[in-house]
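What follows is one structure encoded as structure tokens, with my remarks underneath.
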Amino acid sequence: MEQRKALTTTKMRKMKQDGVPITMITAYDYPSARLAEEAGIDVILVGDSLGNVVDGYDSTLPVTMDDMVYHTRAAVRGASRTFIVADMPFLTYHGSLDATLKGVARLMQEGGAKAVKLEGGAEIAATVKAITEAGVPVVGHLGLTPQSVHQLGGFRVQGRSSEQAEKLLSDAKAIEAAGAFAIVLELVTDELAAWISKQLAIPTIGIGSGVQCDGQVLVYHDLLQYGSDSAPRKFVKAYANIGETIRAGIGEYVKEVKSRAFPSPDHSFHMDNDVVQYLYGDKEE
Ligand code: KIV
């Protein structure tokens, strides 16, 4: 069977031109990345959403560069033939350019990412430009930017008013002009996401931003209902409920250990009778 090759930024732009949607999913470790690759995903995002869905924080703010490097390395080991993007965590790209590039270098050299993602608009365009000029592909992230959740006043849909729409469009153009090869649009109204997607030559990847984006991204744990009891949010479609499967499986294991149904003889190893005899001798009942 022919080994598939990882997508390139050029191929993603061509997919946009040809109207072929780009599929992206988050993954944070070896098995999740491996399964995503085997399922044929185009791009894996090692998102700082791992702070929520893996580490149990209520935001992405506590996620560190060490966390991102650790998880990126694991995901890359699981999906070496997939284009993997890693998030730059909270406030790691707002200081000196030198410090920013050191973080980028860690994600690429230690983590093995092929690209980095940064949240923000025109205010970070100079940083995006410097990173791309250093030879690193960048994905932008606009709309609901979770690292600014406290400034945005919560997880709200963005781009409902004409002012917000103008601002988002000009931010998208600034990030494109700075050299980004794609932009994630999170929780942006359908109409605005479609409008921005038409105005840009680079692909938009939507989450909660309607079907007219050039691609879609969902969080692994949301898509598979893994580890969350809450009903999926409006923009999430749950394609499986592995949380339920896992809970049921562990429940069965607990029951069988308590009742000594597990391990059965099939799951056990045996020694020769003469050794049993030697060990137990007369004591054997
Ligand atoms: O961190 C993340 O998973 C993301 C996606 C929600 C796009 O940024």
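Glycine residues also receive a Cβ, built from the backbone N, Cα and C atoms like all the rest.
As written in TrEMBL, here are the features:
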| type | residues | note |
| --- | --- | --- |
| ACT_SITE | E186 | active site, proton acceptor |
| BINDING | D48, S49, D87, K117 | 3-methyl-2-oxobutanoate binding site |
| BINDING | D48, D87, E119 | Mg(2+) binding site |
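Under the three-state DSSP scheme, S49 (3-methyl-2-oxobutanoate binding site) falls in the coil class.
Across the structure, E119 (Mg(2+) binding site) and E186 (active site, proton acceptor) are spaced 10 Å apart at their Cα atoms. Other Cβ atoms within 10 Å of the Cβ of D48 (3-methyl-2-oxobutanoate binding site), summed over all protein chains shown, number 30.
Cβ atoms within 8 Å of the centroid of the Cβ atoms of D48, D87, E119 (the Mg(2+) site) belong to the same-chain residues G47, S49, T60, V63, M88, P89, F90, K117, L118, H141, P146, Q147, site residues excluded. The Cβ of K117 (3-methyl-2-oxobutanoate binding site) has 24 neighbouring Cβ atoms from other residues within 10 Å, across all protein chains displayed. Cβ neighbours within 10 Å of S49 (3-methyl-2-oxobutanoate binding site), excluding its own Cβ and spanning all shown chains: 22.
With respect to ligand 1, the binding-site residues D48, S49, E119 contribute D48, S49 as residues with a C-beta closer than 6 angstroms to one of its atoms, given in sequence order. A Cα-Cα distance of 14 Å separates D48 (3-methyl-2-oxobutanoate binding site) from the residue listed as 'active site, proton acceptor'.
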